[in-house]
Amino acid sequence: MSEIMEEVPMDNDEDVNANGGVGELPTQGGANGHGPPARSDSMLNLPKKKSGVFGASSNLVNSIVGAGIIGIPYAIRQSGFIAGLFLLGLVGFLTDRSLRVIVNLASFHPLLKGKGIRTFEKLASYPFGRVGSGFILTNMLIMAYGAMVAYMIIIKDTVPTVLGVEPGSIGRQVILIITSLAIMVPLAMMRDMASLSFTSMVSVLADIILVGFVAGYAPIEETLSQAGGFGEVLKENWIKPSLFIGLGIISTAMACQHSAFIVSGSLENKTQRRWSTVTVISITFASVLCAAMGICGYLGFLGETQGDILNNFPGNSVASNGARMLLAITMFFTYPMESFVARHVLVMLLHQGDMDAVNNEGGRYGGGYLCMNRRHSWTLALYLAALLPGLFLDDLGPVLSITGSLGGSCIAYVAPGLVYLGVNGEAFQDICRSMALNWSHKHDDKIDRDAPPEEAGLELPVAGDANQRMAATNNGDGENGAQQPGPADLPVAGEKRTLSMQPDFAKPFWWYLGLFPIWWAIASSGRMGMQEKLGNMAETQQPPSPEEGAPADEDTTDHVDVLGDQYPPTKGGFCMAIFFILFGVLGVIVGLLSNIAAQFSGPEP
């Protein structure tokens, strides 16, 4: 799904014959030629177009300020004014950091650079295998599908109102079906996100106008006057117990990690500097839009703020209906972004990433003439899956909050933290070991005598050297005359070692207070996963031939800036990764519990 090349020659992808049909595809398998189309993994899902910094930024902003922006005032109502704005700023900062972390790990990390990692799930598979990739794919699907359902609800809530259709009328469902089929489905059928750069710019412009409408038409002065003034509002509503319901909505609005590799892949001449520029522009712009929408929308209606802020405005106003049409435009043009992600997940899970293969039983061999590839068929299936609940659900708030609490927290916070710890597991363990030993020396604590000797500073013998083994011998023999085992052998350069999940040093008291047993286990699992994955690749992988892989030009490889912009893992980076995990887990647990409690409690006074 990532977009790197402007034109990738897909030889024999669809050889259209003179009759307009699809020609025979080269196959693999037995001698009879049956089997799926022969297509190198390096060619699967490679984009055919690319975009510059501005186009990539527009795509990323569009993937952020989708349905979530319309719920930001409701999120501030649930969180409290001060707490809601603080969460918005915090989530924006964490989003920017996580976007840089996951893309830079995949494209520029010394161990992973050049491995062709172009998806979030593939990055997670290096330290954590199938469990890691499955975790990413599951939460990507939750986020994308939840957003798609939310878009359907908003379309049903806006377009019929503009057309004068009364609430509860069957005409609302009919309008949703017609408009979504005419606009959403054709856009979602596209293969590459770069094709949506123009529609993304239109959508972002509509968002700006929409925020301007809310700021200009919300009855802020009247509402604040009735509430006793702005100071009284701050005093009474600076934080609320339903804080994490608001966090779920904000997470839904800002979460775009599931689109990060798609957008970064569409960036022409991708470098760390250029990708950082895209994230800074996009996150800053989206945060300002969300903050403006949240402040003006909430102060205009306070406790009456609804999940869709436009429902607070009169239905017969020309200005209100104009804003509703702008919102509908953003939903029409943002839906394909999430459809791309959901389609990508299903293709990866069920078809090993090949979305261009023809998926029919007709054609030359089946007797039929209708030909739809997997991209078309899955796009339609996802559309129907989002349309059905959209026809019957009316409350947008819970959809946004639950989606963000579950999928958003996992994909935006937990996953980047886990991947950073896993990929840099060895460096994390070295830092932990150094910290523990320094603490022990400072307090005259003795290191556990059973721990293996420190290896740092020792010159390791080379495998095959006559002196490669250095082991102490016992004074006596065993009962059978065999030598008893002595201390552990020193490692040998060039040999694989089995890594222990347990730390080999004395643990100070802060080891348990800081939950370091958990972080050590994650790092150990990631370190072993990286060792196994990279070892297997070194033994079995052959460099692709020009016929199999993508053309070896500059646009198919990641570039590193002449300024570098690379840094080794640091204590600060690991602290940030741990904070990501803790913040995400807290958001999942408390967010879901808050949503459940809200369903059983009465309406907010």
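The backbone N, Cα and C atoms fix where each Cβ goes, glycine too.
Model, not experiment: these values are computed from the prediction.
If you look up TrEMBL, you'll see 1-42 (among others) marked as region 'Disordered'.
Sequence annotations record features per position, and here TrEMBL assigns compositional bias 'Acidic residues' to 1-16.
Taken from TrEMBL, the feature domain 'Amino acid transporter transmembrane' applies to 50-429.
Taken from TrEMBL, the feature transmembrane segment covers 53-76 (among others). Residues of the same chain lying 6 or more positions beyond the ends of the transmembrane segment (53-76) and with a Cβ under 8 Å from any Cβ of it are 84-85, 87-88, 95, 147, 150-151, 154, 193-194, 196-197, 200-201, 203-204, 207, 210-211, 214, 245-247, 249-250, 252-256, 259, 263-264, 266-267, 274, 277-279, 281-283, 285-286, 289-291, 293-298, 300-301, 305-310, 327, 330-331, 333-334, 337-338, 396-397, 400, 404.
TrEMBL lists 82-107 (among others) with the feature transmembrane segment.
Taken from TrEMBL, the feature transmembrane segment applies to 128-155 (among others). If you look at the transmembrane segment (128-155), the same-chain residues 6 or more away from its ends with a CB under 8 A from one of its CBs are 66-68, 70, 120-122, 176, 179-180, 184, 252, 255, 258, 308, 327-328, 331-332, 334-335, 338-339, 341-342, 344-346, 348-349, 382, 385-387, 389-391, 393-394, 396, 399-400, 402-403, 406-408, 410-411, 415, 418-419, 422, 525-526, 529, 533.
Annotation comment: TrEMBL describes 170-189 (among others) as transmembrane segment.
What TrEMBL records for 196-218 (among others) is transmembrane segment.
Residues annotated as transmembrane segment in TrEMBL: 238-263 (among others). A Cβ distance under 8 Å defines the sequence-distant neighbours of the transmembrane segment (238-263), meaning residues of its chain 6+ beyond its ends; these are 1-3, 56, 59-60, 63-69, 71-72, 74-84, 87-88, 91-92, 95, 98-99, 102-103, 106, 118-120, 139-140, 143-144, 146-147, 150, 193, 278, 282-283, 286-287, 290, 337, 340-341, 344, 397, 400-405, 407-409, 411-412, 415-416, 586-587, 590-591, 593-595, 598, 604.
Long-range neighbours of the transmembrane segment (275-302) within the same chain, counting only residues 6 or more positions beyond its ends whose Cβ lies under 8 Å from a Cβ of the stretch, are 53, 56-57, 60-61, 64-65, 68-70, 72-73, 75-77, 81, 84-85, 88-89, 92, 95-96, 99-100, 103-104, 207-208, 210-211, 214-215, 218-220, 223-224, 227, 230, 233, 237, 250, 253-254, 256, 263-264, 267, 309, 312, 565. What TrEMBL lists as transmembrane segment is 275-302 (among others).
Per TrEMBL, the feature transmembrane segment maps to 322-342 (among others).
Among residues of the same chain six or more beyond the transmembrane segment (377-393), those with a C-beta under 8 A of the stretch's C-beta atoms are 145, 148-149, 151-153, 155-156, 173, 176-177, 180, 184-185, 188-189, 339, 342-343, 346-347, 355, 359, 399. TrEMBL lists 377-393 (among others) with the feature transmembrane segment.
For the transmembrane segment (399-423), the residues of the chain that approach it from at least six positions outside its boundaries are 67-68, 71, 78, 91, 94-95, 97-98, 101-102, 105, 109, 111-112, 120, 123-124, 126-128, 132, 135-136, 139-143, 146-147, 149-150, 153, 244-255, 257-258, 307, 393, 519, 522-523, 525-527, 529-530, 569, 573-574, 576-581, 583-585, 587-588, 591-592, 594-595, judged by C-beta separation under 8 angstroms. Summarising the annotation, TrEMBL assigns transmembrane segment to 399-423 (among others).
Here TrEMBL flags 446-493 (among others) as region 'Disordered'.
Sequence annotations record features per position, and here TrEMBL assigns compositional bias 'Polar residues' to 470-483.
Within the chain carrying the transmembrane segment (509-530), a Cβ under 8 angstroms from the stretch's Cβ atoms is held by residues 111, 126-129, 132, 418, 421-426, 428-429, 432, 436, 439, 499-501, 503, 574, 578, all 6 or more beyond its ends. Among the features that TrEMBL reports, transmembrane segment is placed at 509-530 (among others).
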The transmembrane segment (82-107) and the transmembrane segment (322-342) contact flag, 3+ Cβ pairs under 8 angstroms:
no
Which residues, given as numbers and ranges, are at least 6 beyond the ends of the transmembrane segment (576-598) yet have a Cβ under 8 Å from it?
94, 97-98, 101, 242-245, 247-248, 251, 398, 401-402, 404-406, 408-410, 412-418, 420-421, 519
Using a Cβ cut-off under 8 Å, which residues of the same chain at least 6 positions beyond either end of the transmembrane segment (322-342) come close to it?
1, 59, 62-63, 65-67, 70, 140-141, 143-145, 147-148, 151, 154-155, 158-159, 161-162, 179-180, 183-184, 187-188, 190, 193, 196, 199-200, 202-203, 206-207, 209-210, 213-214, 217, 258-259, 262, 310, 313, 379, 382-383
